[in-house]
Amino acid sequence: MNEPSLTRAFTLLLRRDLTLAFRHRSELANPLLFFVIVISLFPMGVSPESRVLQMIAPGVIWVAALLATMLSLDMMFRSDYEDGSLEQLLLSPHPVSVLVLAKVLAHWLVTGLPLLVLAPLLGVLLFLPIEAMPALVASLALGTPLLSLIGSIGMALTVGLRRSGVLLSLLVLPLYVPVLIFGANAVDAAAAGLPVTGQMYFLGAMLVLALSLSPLATAASLRISVS
Amino acid sequence: MWAFLHRFASPRYFYNLSGRLIPWLGWFTLILMLAGLYLGLVWAPTDYQQGDSYRIIFVHVPSAWMSMFIYVVMAVASAIMLVWKIKLADVVAQSSAVVGASFTFLALVTGSLWGKPMWGAWWVWDARLTSELILLFLYFGYMALRAAIEDRNTAARAGAVLSLVGVVNIPIIHYSVYWWNTLHQGATVTKFAAPSIDVRMLIPLLVMALAFKLYYFTTMLMSARCEVLERERNNTWVQELAEKKA
């Protein structure tokens, strides 16, 4: 039996995950709806005043993005674990970490990327100044793949457990802290008219670190969870 | 060399050796702790600025050091367990987590008690406090993950991966929080120049730090011993031991 090359396996897995996601369109919208609803709660819960909202906007958008990503982590491995295709994935002759990367990329394309599109709109709703919008989109562009990558480790560790929701947040949220700090800080600085290159470099550096290390950890965790 | 190490890694040898070590460690801990408390609470001079309330650092600083030290020990033990499949390393990691979480909690509580009179607030979102709090969450996550997985082997390996991921993140968290917001006083002991702390305050601090370290080893070994007995309960040497005791 001849097996597909690694690039082919990567694209096949990516296409499969994307197809699966688009077949469940209602599920696809859930994290986004959650993102919008959480953000719209703040004007009602904190204060509708534009000055207050403008001040908390970067943090609120970032925290909502973080929670939305975390909620959507379940779709990364859960159904594959239940129908057994995850085991097949682990049995494949290709390095599991590369295949994991394909799954994480698919996850980011269906959850992180829409967040990027939606974020400026919500920024307007929270009276974020126009100058901060590029920084908001750029920090989310660097930060949301990071969230997917770190989250994949936590998800892989808990995929074998029946009720993993709360445990997953306990594992993943502390690790999200640096992303949140630099992401929200970049938007904050941009809104104040300050340069944001430093924060962007940090997000980029963390993204490179996570890209190189987290697929290995996720692959190891999957082997542990499935065995 | 390898034979020696392998012998040490055998649960039975560990059980016997730790049984002989624990009383010694325990007495040393007690002596050092009493000496440290005496030196810290009586002998050390009063701070010209903070008065006597600074004396809480003799508990606060060592426990903050220990909270990080124990996490690193846990991660190293986890790596040993993953690479060489030494089960004893996992026992060490598991027993360390509880002690580490307690020290983290102690550091947070004493810091908060000190913060009220000094900063006028129980809690401030300052860099060190926040990273210490996140460290506590990491410990909780580790313990919760282990508790959630029924199979002991799976739990050990999953916990090991998590602690390694956490240890990669600790410097990132530490520095990110540092750049984010800071009120806590800077390092006075661990900086490269001569320590800017008075020698008469430094000595009790170091004595207490040593006492805390020994305390950690004592309690960790004690709980590791229990864990070894429980894990090896189907082996003959444990059953012989039980018969001898009975």
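Yeah, the Cβs are placed from backbone N, Cα and C, and that goes for glycine too.
Unlike curated entries, TrEMBL annotations are predicted automatically.
From a predicted model like this one, the values you see are computed outputs, not experimental measurements.
Here TrEMBL flags B:29-184 as domain 'Cytochrome c assembly protein'.
Annotation source TrEMBL lists transmembrane segment at B:21-44 (among others).
Counting same-chain residues at least six beyond the ends of the transmembrane segment (B:64-84), those with a Cβ under 8 angstroms from any Cβ of the stretch are 90, 92-93, 96-97, 99-100, 103-104, 107, 111, 128, 132, 135-136, 138-139, 142, 156-157, 159-161, 163-164, 166-167, 170, 209, 212-213, 216. Per TrEMBL, the feature transmembrane segment maps to B:64-84 (among others).
Annotation comment: TrEMBL describes B:91-113 (among others) as transmembrane segment.
Annotated transmembrane segment per TrEMBL: B:133-149 (among others), in sequence order. Proximity of distant same-chain residues to the transmembrane segment (B:133-149), defined by a Cβ-Cβ separation under 8 Å and at least 6 residues beyond the stretch ends, is recorded for 67-68, 71, 74, 94, 97-98, 100-101, 104-105, 108, 155-156, 158-159, 162-163, 166, 169-170, 173, 177.
Per TrEMBL, the feature transmembrane segment maps to B:161-181 (among others). Sequence-distant neighbours of the transmembrane segment (B:161-181) (same chain, 6+ residues past either end, Cβ-Cβ under 8 Å): 68, 71-72, 74-75, 78-79, 82, 93, 125-128, 130-131, 134-135, 138, 141-142, 145.
Annotation comment: TrEMBL describes B:201-224 (among others) as transmembrane segment.
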**Same-chain residues near the transmembrane segment (B:91-113), Cβ under 8 Å, at least 6 residues beyond its ends** = 56, 59-60, 63-64, 66-67, 70-71, 73-74, 77-78, 81, 122-123, 129, 132-133, 135-136, 139-140, 142-143, 146, 156, 159-160, 163, 212, 216, 219-221, 223-224, 227-228, 231
**Complete:** Taken over the domain 'Cytochrome c assembly protein' (B:29-184), the predicted model's pLDDT averages 86
